[in-house]
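These features come from Swiss-Prot:
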- VAL81, GLU82, SER83, HIS227, GLU228: substrate binding site (BINDING)
- SER83, LYS84, ARG256, GLY257: NADPH binding site (BINDING)
- CYS188: active site, thioimide intermediate (ACT_SITE)
- ASP195: active site, proton donor (ACT_SITE)
- 261-281: region 'Disordered' (REGION)
Amino acid sequence: MNPPESSPLGKASACVDQYDATLLFPIARADQRAELGISGAAPFFGADLWTAFELSWLNQRGKPQVALAHITVPCETPRIVESKSFKLYLNSFSNTRFADAAQVQARIRADVSAAVWRGAASAGSVGVTLLGPDRFAQELMQELDGLSLDRLDVQCTQYQPAPELLSAQHDAAPVSERLTSQLLKSNCPVTGQPDWASVQIAYRGPPIDQEGLLQYLVSFRNHSGFHEQCVERIFMDLWTRCQPIELTVYARYTRRGGLDINPLRTSHPQGLPRNMRTARQ
């Protein structure tokens, strides 16, 4: 068992510049999900989309190479990797020689897969894509699509998750809506540092009260939780209180330490969106 308090997060850490897979610090999802009343298989699908902006290694002649990395971690994995440990792990590539980018990509895939699937009855694999400088121009920027809840002039008084703010018109005809907000903010449960995010909520079902939904999202402002847990809490609260037929919650968190984490949870299996950053990322 690796409690978050034992991770390198919030502590002084030596900068290791020789490849070291043991720097990865897995944290069990089950502990966080138990707080949401989830035991056993989770009632959703999805993944955590990571972007690593600070990845470098040496080629066989000692010349530095750089790349962006997109990592896709299925939400079915029993563990996540604590973000600072992942940064330290990537830093450990910086003075290590590799034959080519494909070898680096394969090493990251193998190491992260082993960390997040640790303890599973059957292990799977994470997705890893490296983009070299010749492809940097293909990395576009796009905001989350949907009707902005932030247009609403609501009074906000609660800054801890308040699911009682959520409601839906269960006697009305089902609708399909895609709603967004730039106002999601929570705090790291270990360091207390702020985590800022844009969030998109797509659903089909009874019309959700938009003012209450915005107030609910704002209520995370002083909440302590990892990115993945916050998105799962939002999903579970909406699923329980508003009872949509279909639901997808997708948040894109601003970058910290050269990494951004973008969890998506959905009630029905679907293709993942392109990992495309927003302006604040």
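From the backbone N, Cα and C atoms, a Cβ is placed for every residue, glycine too.
Given the structure is predicted, the values throughout are model-derived calculations rather than measurements.
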Those recorded positions, out of VAL81, GLU82, SER83, CYS188, GLY257, that come within 10 angstroms of the residue listed as 'active site, proton donor' at the Cα: CYS188
Spatially closest candidate among LYS84, CYS188, ARG256, GLY257, the listed recorded positions, to HIS227 (substrate binding site) (Cα to Cα): CYS188
Cα-Cα distance linking GLY257 (NADPH binding site) and VAL81 (substrate binding site), given in Å to the nearest integer: 14
HIS227 (substrate binding site) - helix vs strand vs coil (DSSP): helix
Long-range Cβ neighbours of the region 'Disordered' (261-281) (under 8 Å; 6 or more residues past either end): 43-51, 70, 72, 75, 83, 139-144, 182, 196, 198, 227-228, 230-232, 235, 239, 244, 246-255
SER83 (substrate binding site) in three-state DSSP notation: helix
Those recorded positions of CYS188, ARG256, GLY257 having Cα within 10 angstroms of SER83 (substrate binding site): ARG256, GLY257
Spatial neighbours of GLY257 (NADPH binding site) that are distant in sequence (at least 6 apart) but have CB under 8 A: GLU54, SER83, LYS84, LYS87
Cβ packing number for the residue listed as 'active site, thioimide intermediate', 10 Å threshold: 19
